[in-house]
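Structure first, commentary second.
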Amino acid sequence: MKKLASVTILLLGIMLIAITAEFPRWGDPQSPASTYLSPHFIEKTIEETSVPNIVTAVLGDYRGYDTMFETTVVFCAGAACFFILGAFRREDDDQIRYFRHKDTGVVLKVKPNGTRPNSRSDFERIDPTWTPYDFIVSRVASLMIPFIQLFGLYVVAHGHHSPGGGFQGGVILAAGFLLLALSHNLRTLSARVSNKTLGLMSASGVLIYAGWGALALLFGGNFLDYSVLGVLLGLDPIAARSMGILIVEIGVALTVMSTMVIIYNNVASVGAYDEGL
Amino acid sequence: MMEFLETVLTAKYNYWIYIILMMIGIWAMIAKVNLIKKIIGMNIFQTAIILFYVSIGAKKGGTIPILEHAPGHGHDYIMDADKYINPLPHVLMLTAIVVSVATLGVALALALKVYREHQTLDEDEILSHLSE
């Protein structure tokens with residue numbers, strides 16, 4: 001099997017390398033890919049959308065359908081992880097549970113159906129395999145997370161003038177959440193952002209994108225034609241396109257951020273939502 | 001010899017690198033028996049495709065596709081299509097990167113499920129379990 005695979009791959013590789021003789025030179029400005037649509041995008045983007053970052057303009061406006069379904073694919077991936085790893089398991093009450101006092105480190109062992117500490121008290125729920133947090137790692141992570149989140153918001157909002165946009169900003173925002181989960185544990189993250197909230201945010205991102213496109217239909221334009229929404233925003237049609245791109249980028253960022261965290265939560269804890277890694 | 005270097009090697013070597021990467025990825029997907037190694041192979045394959053697309057958009061002497069303000073004027077922009085690299089492959093690959101992360105997540109979830117069911121990630125052992 002291995003030999004057959006190697007021979008096939010080798011032959012395929014040689015054939016593909018042979019066919020590169022027909023390819024344009026690397027970096028040729030006259031190559032077919034750069035002569036048909038791309039000059040239109042480069043020359044007309046400012047006139048038509050007033051967005052200097054051509055990638056953002058193409059992503060949010062010219063290829064809006066593509067990006068909308070791409071966002072849906074990301075949402076579906078999050079939902080698939082949620083369903084594959086068995087999320088509807090309810091924790092039984094006939095289990096021994098452990099609670100740790102945050103300040104002194106005293107651990108309570110609560111028997112099945114015993115009285116548990118109030119969730120607002122100084123006790124936190126831990127697993128039997130709990131290990132203490134590293135002081136330096138958890139403090140440095142706590143200090144860094146607000147700045148990571150702020151940078152993520154900047155990348156989303158500034159995608160029109162610099163490299164950035166919904167996908168990149170969403171991933172940076174998710175990185176902040178994952179840093180919290182890795183430096184503390186998954187329960188710490190779930191106490192701040194519950195899995196239900198994440199699911200709702202993931203779905204509402206797609207809703208914002210598709211809803212904003214559908215709103216254009218009500219104002220007499222085509223689906224995802226933001227220019228007609230200038231009436232709603234009090235802007236001229238060109239500026240309305242730029243603003244419409246920002247709004248759909250926010251939807252993309254919401255979906256990407258929450259889906260990345262959902263995938264991590266499910267894969268790291270194998271669907272159990274306990275302490276995770 | 002020099003002619004070969006100029007017309008073939010320097011002009012096309014980037015495509016060769018992507019093809020080699022792609023073959024490594026597809027070989028891992030076919031020949032490796034461990035499911036996690038197959039997933040890593042899939043990721044190498046996706047990376048090769050992403051690099052290939054990005055290199056299609058490259059132009060010699062071109063800058064990133066973010067328009068520059070002309071010096072001294074507020075809203076005049078320099079419009080010369082040859083000065084900016086092709087934005088379209090960048091848009092396509094921007095979404096492809098996120099989708100590759102999403103497929104990685106689903107693949108890992110499936111691998112976890114398989115491991116929980118069969119207590120192994122080895123393809124041959126799983127097949128023998130299934131045929132029992």
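Glycine too: its Cβ is placed from the backbone N, Cα and C atoms.
Here is what TrEMBL says about this protein:
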- A:32-92: domain 'MrpA C-terminal/MbhE' (DOMAIN)
- A:136-261: domain 'Na+/H+ antiporter MnhB subunit-related protein' (DOMAIN)
- A:68-88: transmembrane segment (TRANSMEM)
- A:135-155: transmembrane segment (TRANSMEM)
- A:167-186: transmembrane segment (TRANSMEM)
- A:198-219: transmembrane segment (TRANSMEM)
- A:239-264: transmembrane segment (TRANSMEM)
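Counted over residue pairs 6 or more apart, the CB atoms of the transmembrane segment (A:198-219) and the transmembrane segment (A:239-264) come under 8 Å in at least three pairs, which marks the two as touching. Beyond its flanks by at least six residues, the transmembrane segment (A:239-264) meets 48-51, 56-57, 59-61, 64, 67-68, 71, 74-75, 77-78, 81-82, 152, 156-157, 159-160, 165-167, 169-171, 173-174, 177-178, 181, 189, 193, 195, 198-199, 201-202, 204-209, 212-213, 226-230, 233 of its own chain at Cβ-Cβ distances under 8 Å.
Packing against the transmembrane segment (A:167-186) from elsewhere in the chain are residues 133-134, 137-138, 140-142, 144-145, 148-149, 151-157, 159, 192-193, 249, 252-258, 260-261, 264-265, 268-269, 273-277: each is 6 or more residues past its ends and has a CB under 8 Å from a CB in it. Mean model confidence for the domain 'MrpA C-terminal/MbhE' (A:32-92) is a pLDDT of 86. In terms of DSSP helix, strand and coil, the domain 'MrpA C-terminal/MbhE' (A:32-92) has 46 helix, 1 strand, 14 coil. Counted with DSSP, the domain 'Na+/H+ antiporter MnhB subunit-related protein' (A:136-261) comes out as 104 helix, 0 strand, 22 coil.
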